[in-house]
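Asker: Found this in TrEMBL, in case it helps:
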- 40, 41, 42, 43, 44, 45, 46, 47, 91, 147, 148, 149, 150: GTP binding site (BINDING)
- 47, 64: Mg(2+) binding site (BINDING)
Ligand SMILES: Nc1nc2c(ncn2[C@@H]2O[C@H](COP(=O)(O)OP(=O)(O)O)[C@@H](O)[C@H]2O)c(=O)[nH]1
Ligand SMILES: [Mg+2]
């Protein structure tokens, strides 16, 4: 696949490690388009979340081979007027090594977790840690989406946060955990990062 996730012109990014600016620089560089990568185990609900954001409805999905990409415009709150280019990357084990090429130069990561699939929560935790610990992702804000909250037996977001060991990741990342996909939350997470 080898898709180049660079933002044209290269170099600059919300997490460029340079002083100040952060997301504001990124907004300037990308003319209001933020690049977001959605990661998570297969069947966590990434594609469903993407189409909810794009079309505001549930669509039937098939397992993602490769990736989906949609441009979605924020319509409310602080996200209003900002465009999000959202990459939804396949989560099957054999294609997870490709995640790294998508997170390079991204403005933010949305990590989607199935709140019912407790058997695979440890696997999800491992993948989240792998992604978070990559040196190039050190400054990238990660929004954890505790998905499938409508299903019986779903662990609530705080419990998911505990089970994923998010606190143990330290304060190098700005974390936010939430129930439903919302561009405003993505934006707020990015924004908060710039003002740390
Ligand atoms: N009940 C429920 N099912 C969901 C939710 N999100 C996704 N699903 C279902 O979970 C399955 C996998 O979703 P999909 O988006 O393809 O997962 P992906 O592999 O992470 O892209 C599908 O059958 C979806 O309908 C949710 O919030 N609630
Ligand atoms: Mg998918």
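Glycine too: its Cβ is placed from the backbone N, Cα and C atoms.
In TrEMBL, annotation is done automatically, which means it is predicted and not curated.
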Asker: Provide the number of Cβ atoms within 10 Å of the Cβ of residue 148 (GTP binding site), excluding the reference atom itself.
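Answerer: Taking every protein chain into account, the count is 20.
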Asker: So of 40, 91, which of the binding-site residues has the fewest other Cβ atoms within 10 Å around its own Cβ?
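Answerer: Each of the binding-site residues 40, 91 was scored by Cβ atoms within 10 Å; lowest is 91.
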Asker: Looking only at Cβ atoms, how many others are within 10 Å of the one on residue 47 (Mg(2+) binding site)?
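Answerer: Summing over all protein chains shown, residue 47 (Mg(2+) binding site) has 24 other Cβ atoms within 10 Å.
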Asker: Which residues, sitting 6 or more apart from residue 150 (GTP binding site) on the same chain, put a CB under 8 Å from its CB?
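Answerer: Residues satisfying the criterion: none.
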Asker: Look at the binding-site residues 44, 64 and tell me which residue has the greatest number of other C-beta atoms within 10 angstroms of its C-beta.
Answerer: 44
Asker: Within 10 Å of each Cβ, count the other Cβ atoms and name the one among the binding-site residues 42, 46 with the highest count.
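Answerer: It comes out as 46.
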